[in-house]
Amino acid sequence: MADKVQTTLLFLAVGEFSVGILGNAFIGLVNCMDWVKKRKIASIDLILTSLAISRICLLCVILLDCFILVLYPDVYATGKEMRIIDFFWTLTNHLSIWFATCLSIYYFFKIGNFFHPLFLWMKWRIDRVISWILLGCVVLSVFISLPATENLNADFRFCVKAKRKTNLTWSCRVNKTQHASTKLFLNLATLLPFCVCLMSFFLLILSLRRHIRRMQLSATGCRDPSTEAHVRALKAVISFLLLFIAYYLSFLIATSSYFMPETELAVIFGESIALIYPSSHSFILILGNNKLRHASLKVIWKVMSILKGRKFQQHKQI
């Protein structure tokens, strides 16, 4: 029964992976083509491209871990290969979260309407420093990933190996204090960007409220470009926050799996939930970006035209 559930979850993970690769690859391809055409890249496109690349890597690492867990479980008993996978999973996980946080910060400074001198100074400087901020996210993610991977790897692999040798439901003997401190470190590391996104979300709501009040006093109406920009930014940020909560819970399931009777099943269940976040959020970003939305509509129109042409030719031959 457990094998059937694992196989079903693996097929589900493959479907989520395919959808996520399609959406994120589309974002990266459109922005890179525009970069080559104009020989420069806008800050928002740089953030979206970096986010798409990190999520493609994250999707690949998670799916690879799912395949190894179901098809080649004995690999978990070795240290070198799984340590590499754990490192890249932790690295791409933090990169995708921090890049999404950078996107929320960028929306706040470019769309928010505040008149504080510090805010205006940051609003003017954000395009100049965004590349350095992204580079800082990479350095920070590497700094977080190295020690965390070593501790989690040692605890989890020992547990899986012990279970396979003794065939008992509970035979893991690990340093729970060390494991708890490692989990706490990882959770706090992801809590910081979540709080920053949450702060950006509430400040954007405050900015939208002030803008609508100002439009009502001037009797110009509320449906202006600035209001629409606020709404699109809020949709992108709130979708990230909700999906991040689901991803965070799945991450807790995966990292705490050896406290459960079916360790492998718990891991792949958590990973199948985790794939929802990098897969679905890309399409929300596409719908919220004018250039990406128009490009996606063109692709859909061309695909439909090709399909209609083939149907017409088949009907004509008949």
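Just so it is clear, glycine is given a Cβ too, placed from its N, Cα and C backbone atoms.
With respect to the membrane, Swiss-Prot annotates HIS94 and ASN289 as residing on opposing sides. Counting only same-chain residues 6+ beyond the ends of the transmembrane segment (56-76), those with a CB under 8 A from a CB of the stretch are 6-7, 9-10, 13-14, 17, 20-21, 24-25, 28, 82, 85, 88-89, 92-93, 95-96, 157, 160-161, 164, 264, 267-268, 271-272, 274-275, 278-279. Look at the topological domain 'Cytoplasmic' (31-55): DSSP puts its residues at 21 helix, 0 strand, 4 coil.
Sequence-distant contacts of the transmembrane segment (188-208), counting only residues of its own chain at least 6 positions beyond either end whose CB sits under 8 Å from a CB of the stretch, comprise 93-94, 97-98, 100-101, 104-105, 107-108, 111-114, 144, 148, 227, 230-231, 233-234, 237-238, 240-241, 244, 248, 251. With respect to Cβ pairs under 8 Å, the transmembrane segment (236-256) is most closely packed against 267-287, considering the stretches 10-30, 95-115, 129-149, 267-287. Remote same-chain partners of the transmembrane segment (129-149), defined as residues 6 or more beyond its termini with a Cβ less than 8 Å from a stretch Cβ, comprise 43, 46-47, 50, 83, 86-87, 90-91, 94-95, 98-99, 102, 106, 182, 185-186, 189. Cβ atoms under 8 Å from those of the topological domain 'Cytoplasmic' (31-55) belong to residues 20, 24-25, 92, 95-96, 99-100, 102-103, 106, 110, 126-127, 130-131, 134, 278, 281-282, 285, 289, 291-292 of the same chain, restricted to positions at least 6 beyond its ends. Across the topological domain 'Cytoplasmic' (31-55), the model assigns an average pLDDT of 92.
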